[in-house]
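According to Swiss-Prot, the protein has these features:
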type	residues	note
COMPBIAS	145-160	compositional bias 'Low complexity'
COMPBIAS	260-270	compositional bias 'Gly residues'
REGION	138-207	region 'Disordered'
REGION	259-278	region 'Disordered'
SITE	Tyr219	site 'Histone H3K4me3 binding'
SITE	Trp225	site 'Histone H3K4me3 binding'
SITE	Asp229	site 'Histone H3K4me3 binding'
SITE	Trp234	site 'Histone H3K4me3 binding'
ZN_FING	209-261	zinc finger
Amino acid sequence: MDAQYNPRTVEEVFRDFKGRRAGLVRALTADVEDFFRQCDPEKENLCLYGFPNEHWEVNLPAEEVPPELPEPALGINFARDGMQEKDWLSMVAVHSDAWLLSVAFYFGARFGFDKNDRKRLFGMINDLPTIFEVVSGKSKAKPPSANNHSNSKSKSSNKTKSSEPRAKQPKPQPQPPVKNEGREEEGGPDDEEGGGGGGGGGREEEHGETLCGACGESYGADEFWICCDICEKWFHGKCVKITPAKAEHIKQYKCPSCSGGNGGGGGVSGNGKRARPS
């Protein structure tokens, strides 16, 4: 009914949206008695219109077919006396929200908004409470959701920060306890074996460098390593086919050499998975 007004930019369409929205909110809140009175069920199909100048109007639908602009819900007056007033106003509010979006994106389609324009327009619209939220009193829940969003971002940021030190640790934290438990379970004889084989690993650490027992490469800050509970040598997880998740379930880890495999082929105590010799 105001087809002569045609916004052409994202900002103009959003300004048009806000004006129409303000008029509809006023009809359903501050001017609700007047709006209720005008929606006489005895009249013909009536629609609630909002205009860019923040005014509203209850009127018959446009006569031209198809209409220049999308039309709001038709016949809102018929349900007025058959519902609780609060429920009826909520129903009109929901239909009004849908109409506002259809008008805004009608302009977007007509004037060739691209993907980024449409995304920006929707973001600007979505920052406002819906008419239904205002009428039903749920718009007060909007600010907390924004806070929750920022909190979730800070939490995810904290998780990222806290994960960085763990990635830079020279040796994975869960492994030393696993090694100690394995030695206690094995008892004295295994301790003697571990003591004999661990001398080399200790000398490597004394010199400030840990070498992989499989490939001979030095430790990398972003790599997962695992220690053999028998010979106390460290290995790249990828070299012995052990992942951090799999290591969580291993009570005692034996490298391929200490596992007694055929020709040096390795095994893991507890799950029988074979590791490829390097």
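Using N, Cα and C of the backbone, Cβ positions are placed for all residues, glycine too.
Shown here: features listed in Swiss-Prot, placed on the structure.
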residue	record	DSSP (3 states)
Tyr219	site 'Histone H3K4me3 binding'	coil
Trp225	site 'Histone H3K4me3 binding'	strand
Trp234	site 'Histone H3K4me3 binding'	strand
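With a 10 A radius on its CB, Asp229 (site 'Histone H3K4me3 binding') counts 25 other CB atoms from all the protein chains.
Cα of Asp229 (site 'Histone H3K4me3 binding') to Cα of Tyr219 (site 'Histone H3K4me3 binding'): a distance of 18 Å. Taken as a whole, the zinc finger (209-261) shows an average pLDDT of 80 in this prediction. Each of the recorded sites Tyr219, Trp225, Trp234 was scored by how many other Cβ atoms lie within 10 Å of its Cβ, and the smallest score goes to Tyr219.
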